[in-house]
Each structure stands twice: as structure tokens, then as C-alpha cells.
Amino acid sequence: MTDEKNARELTATPVDLDELPAGYYCIYLPSTSNYLRRIVQQLLTVFLLAGPDPSYSLISTVFTLISGVGLLLVGRLGDLFGRRYILIGGQLLGLIGAIVCATAKTVPTVIGGSVLCGLAAAVQLTFSFVIAELVPNRARPVVNAGIFITTLPFSAFGSLIADLFIANTARSWRWTYYLNIITCGLSIILLVLFYFPPGWDAKRGNESRIDGLKKFDYIGFLLYAGGLILVLLGLCESPVPALTRFFHGANSIPSAWGGSSYAWHSAHVIAVLVIGFVCLLAFALYEIFVPLQQPLLPMSLLRNRGYAGAVCSALVGNMVYFSMSLLWPTAIADLYTTNTIKTGWLSFTALGGFFVGYLELITIIMCPLYCSPQDIGLASGFLGSAKQVAGTIATAIYVAILDNRVTVDLPRDVSAAALNAGLPSSSLTDLLEAVSAGTTAAYEAVPGMTNGILGAVTEAVKTAYSQSFRTVFLASIAFGGLSVIAACFAEGVDGRFTGDVAARLKGVDGGGSGSEEKLKDGKV
């Protein structure tokens, strides 16, 4: 391949779905590996079985921090330098991380493995735009839908599967990591054998790798990564504190800083959030006003009305999803059953999940169609990163609403019900402590407790929680409305579902010439 051929911009060639290269299907395994993390969310169980350690919440926190920051970086680097070795390296990190976690004897070891899994997740989440550039534009919906179907067992039934592993296997929670070892290992083999996308030569022509690295937007990345880490650290998966942990047991929501390690109004949390948002503002100003050869996030992309509308609709819709995925299982445990297997089944909210999944898939398909083919990774990476931040903010909002309501309603309703049932007023303090403990022994130790009083208290607790969760879901309706409004600003892409392919695999039958197929002038 000559340098002249490498450097020139080619015209995309229409391709039918049956002409796709033999190896493109290997991308489904990295996406499955990513969704397997959904069955490793029984963090308190891991905490108890791997050895009590107050740092157990970092298992989830470091994963969220690293994967959220890495999404945009991985997408942009793939656009500039090629995706083959990024995908293989990411899956290798996922394999090592899963092995570390599966063999861990202590919680800090699991945290270390989760760091590697977070790095891998940032790569695994690229499956949507890896597929987007390999298949004809008109085939993207059906192919992406097929990828999502392969993740169904873990994205839909992850909590149930995790509980079944814990209850029915000798290796308990470790099996969640064993599955990840299997999928990561298989995907590495398939990627090595079949995945040959355009590399440096096809993307950069005569430019040397050193020159390309010199042009990379390092300052922009430091501002973006630093700001995002600080914001996520302050908000990430904040727990249901204090009174809202009554009856949660193994369903307690893991924590980071805000509202748990430190109060929301503490200097630690305020300083972290303020500095984080200032860094993100500085990042935006830097990208706008500094002339960069390779900006990390070109502002022209955000000025595209269709793209901006789709991203806003997706990230606000993701905030609705978090009300179901995060708090609905907790509501089930509080209001209906404490049986973890039954909770897993009841958590499968088919109706709401269908529409959230529809929104996620359609925005994943639409966003790359608004940009030029060489920016597919950038457009999709920013979409994923924005949704990560939006989900974290939604978690903090929902938890704050729930905690504020329960803190007021629970003591009031429980006290009134207990006194009406005949409990001496002198026993109220002991009763509230027993409700906090949530154990039979604690209730039996309350002076004057009877079966009738216990029944009244139990119903009062459920009533208080039901009213509190109702307020949370009402708040999620507001986010849903904002998502609908944002969607109105997104432009249609029906005319862009052509037979054109953004990039071709090489080295396999039907894979094309092996050079990058770009559309002229970035027009789709």
C-alpha cells in the first residue's frame, strides 16, 4: 500500500449485509463482557464474604470513575490511531482484572481488580461505534440490536443470576468473575484472528506516529479527566444514608463521598464538586478558544443541532433509567420481600425497561450518523461519557430525595403506629433503634413489644417507604419530560441509512481493501 493511497480520502462503497466480513461478529463478546459487570453489583455480599472492610464501596466507585473518564479517550484514540490494538489491549486488561477479582482474598484486592475492569469497560463500551463503522449505514440498527440481544441474560437478569450464583454454587460470587474470564478470553482470541480495521497507515498517511502523538490534546484530556473524576467522586453512587438503610440488608446502595463518607454540606464534598465543575468549564473554554490541531472534543460537534439533541435526550433518559435500576430493587426489598431471588425477578421491570432500551439503542445509532466517519469514536465516546455523568447525578438526586423523605416520614409513621397499637412511649427510642437494626432480636428486645405492635410497625415502615419512593419516581417523570423535549430538537436521519460503510476490515474474505473507507467531505 503506497503512502499516496494511504493518505487520500476514499469514497465509500455501498455494501449489502451479506457482504460483511466473516469476523465482524466477534465484537459481541466485548459488549457481553461489559454487561457481565451488572451481575457483580452485590457489593455488600462481597464485602461480607471476602472479609469485612469499610472500603468495599470503592469496588463500584473506581469502576465508574475509570470507565466514565476512559470512554471519550478511547473513542478519540481509536479515531486517530486505529482500534485493533486498543480493543485487544482492553480485553486483556479485563481478563487480568477478572482473574484478580476472582482469586481475591481481601476487599482491597477486589478494588485493584476493579480498576483494571474499569479500564477494560471503557474499551468494551466501544462496541456500538466499532459496529457502526464496519457495517452499512442502513444495517446499523439491526446489527446493534443483535449485539444488545446477546447481552440480554446479564443486562436484564444480572441481579438474579448473581443471587443464584451466591446461593447455589460453592465459589459463590466469584462465579460472576469466572464468566468474565471466559468471555474476555474468547473475545481476545476472536479479535486477534478476525479484527483488522484500518490502522495508522490508512488513517494518517505520511504522518509519523511521533508527530501524531505530539498533536494529541493532552491539556484538554487532563482538564476533562480531572474534572470528571472529581465530579464523579463527589456524586458517584451516593448511598441511602442513615434511616434509609432500615431493612436494606444486602441491597444497600454503595457509596462514594457525598452524603456518606462526608455530609453533602461538608468542605470535602463542596470543594471536590466545585473544583471538578471548574475544571470541566475550563476544558470547554480551552476547546473553544485555543487553536488545536487535534482537539479532544471539537466544539463543532456540539453545535450540530441533531447531535446535541440526541445526546441530551439520551443522557436525561438515562437519568430515568437509574430510578428503576438503582432504587426499584431497593423498593422491592423494603415493600414486598427480603428474599434476594424473588427480588431479582421482581426487579425485571419489562415495560419501563423496554422504552429505556429503545431510547438507548436509537441514540447510539443516530449519534454517529450526525458526524463525519473519522469522528465516529469521538461522537459515540462523548455520548457514553455524558450518560455516565448524567446517571451519577441522577443517583445523587434520587438518593437525596429518598433520604430526606424517609428521615421525616419513617420516625413519624412508626411512632404513631406503635403508640396506637399500645407501645409505651418510653420505648420509642428503643423501637427506632430496632427498626434501624432490622433484626428479629432487636425487635424482641424492645420493652412492651407484642406481635400486634410488631405488625403495626411493619406496615408503618412500608407506608413510609412507599411514600418516599413515590416522590423519587415523580422526580424521574420530570427527567422523562426533559428527554422528550430534547428529542424534539434532534434531526431525522432516515435519509442517511445508505449502503455506505465508514471502514472496512482487512485480511479476511469479504473485508474489502483494508483501507479506510471515508465519505467525501464528511457527508453521510
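Even glycines carry a Cβ here, placed using N, Cα and C.
Quick caveat, the model's predicted, so the values are computed rather than measured.
The domain 'Major facilitator superfamily (MFS) profile' annotation in TrEMBL covers 1-498.
Residues or ranges marked as transmembrane segment by TrEMBL: 56-74 (among others).
Residues 30, 33, 40, 50-51, 74, 77-78, 112-117, 119-124, 126, 130, 174, 177-178, 180-181, 184-185, 187-188, 191-192, 195 of the same chain sit 6 or more residues outside the transmembrane segment (86-105) yet have a Cβ under 8 Å from a Cβ within it. Taken from TrEMBL, the feature transmembrane segment applies to 86-105 (among others).
Sequence annotations record features per position, and here TrEMBL assigns transmembrane segment to 111-135 (among others).
Taken from TrEMBL, the feature transmembrane segment applies to 142-165 (among others).
Among the features that TrEMBL reports, transmembrane segment is placed at 177-196 (among others).
What TrEMBL records for 216-235 (among others) is transmembrane segment. Sequence-distant neighbours of the transmembrane segment (216-235) (same chain, 6+ residues past either end, Cβ-Cβ under 8 Å): 61, 64-65, 68-69, 72-73, 80, 256-258, 269, 272-273, 275-283, 286-287, 292, 294-297, 385, 388-389, 392-393, 395-396.
What TrEMBL records for 262-286 (among others) is transmembrane segment.
The annotation transmembrane segment is assigned in TrEMBL to 307-328 (among others).
The transmembrane segment annotation in TrEMBL covers 348-371 (among others).
The transmembrane segment annotation in TrEMBL covers 472-490 (among others).
Remote same-chain residues near the transmembrane segment (472-490) are listed as 305-306, 308-310, 312-314, 316-317, 319-320, 323-324, 327, 359, 366, 394, 397-398, 401-402 (criterion: CB distance under 8 Å, separation of at least six residues from the stretch ends). Mean pLDDT, taken over the domain 'Major facilitator superfamily (MFS) profile' (1-498), works out to 77 on the 0 to 100 scale.
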